[in-house]
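> Got a structure for you, written out below as structure tokens; questions coming shortly.
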Amino acid sequence: MYCGCGAHTVPIAKSGFFDKIIAIELDKRLVDSCKLNCSINHCLADDYDQKREDVDESNAIQNDYNNVTLVHVFQGDAGEWARKSLHANYRRQQQQQQQEERIKTQNTTTTKSSSSSSWYNQDHDVLLVDPPRSGLDEKVCNMALNGTFTHIIYISCGRHALLKDLQRLCCCKEEEEDEKSSCFEVVDCALLDLFPRTKDSVESLVHLRRRRRPIVS
């Protein structure tokens, strides 16, 4: 979320730690810059799809896209994307629950996957956000709390907004902790002074981890 020109997206893609990366940015100029950045670094999904269809470019796929994660870059509002993503998540969970109920009713012998929670079968596990100084959109906070993310990497240039968002993400009521288990905890943090001797130029990096996996009710 708030991927900008891809300054964080490209290193993550080249690390090869993830199966799929989705980058969301509202500003069209930054979207174009992010796509260009990913294209130069051979991790843009659009380039890969185009070269895969071109017989003459088949060798480039093997050489240029080896050990990288393809990035799908989209232009859109982070809050609106979060709302749609959370709704789609909920629908998938409902469908899987219905399927599991039908299997139980039919007394069908299932494999290992039948005992796993629908939470484990979602596409997105890590949320990286780099919001403006105003902090996270309310819908993005809701998606983080009620979605399927295990980890959040929060990069902040506004410490006041960061504190507000951390309070929202980490401070749950005791009864909510026991029932929903949707809160996060801070695992690690770091401060980076990108422009020494300038005012308010410190970037905060915070790693949050979900305390327990969410329970679908």
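Just so it is clear, glycine is given a Cβ too, placed from its N, Cα and C backbone atoms.
Reproduced below are the annotations present in TrEMBL:
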- CYS157: active site, nucleophile (ACT_SITE)
- TYR2, GLU25, ASP130: S-adenosyl-L-methionine binding site (BINDING)
- 108-118: compositional bias 'Low complexity' (COMPBIAS)
- 94-119: region 'Disordered' (REGION)
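Surface or core, plus neighbours and distances: that's what I need for these features.
Around CYS157 (active site, nucleophile), taking its Cβ as the centre, 16 other Cβ atoms fall within 10 Å, counting all chains.
GLU25 (S-adenosyl-L-methionine binding site): 26 other CB atoms within 10 A of its CB, across all protein chains. The secondary structure of GLU25 (S-adenosyl-L-methionine binding site), as reduced to three states from DSSP, is extended strand.
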> Are there any residues at least 6 positions away along the chain from TYR2 (S-adenosyl-L-methionine binding site) with a Cβ closer than 8 Å to its Cβ? List them or say none.
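Spatial neighbours, sequence-distant, of TYR2 (S-adenosyl-L-methionine binding site): ILE24, GLU25, LEU26, ALA78, VAL129, ASP130, PRO131, PRO132.
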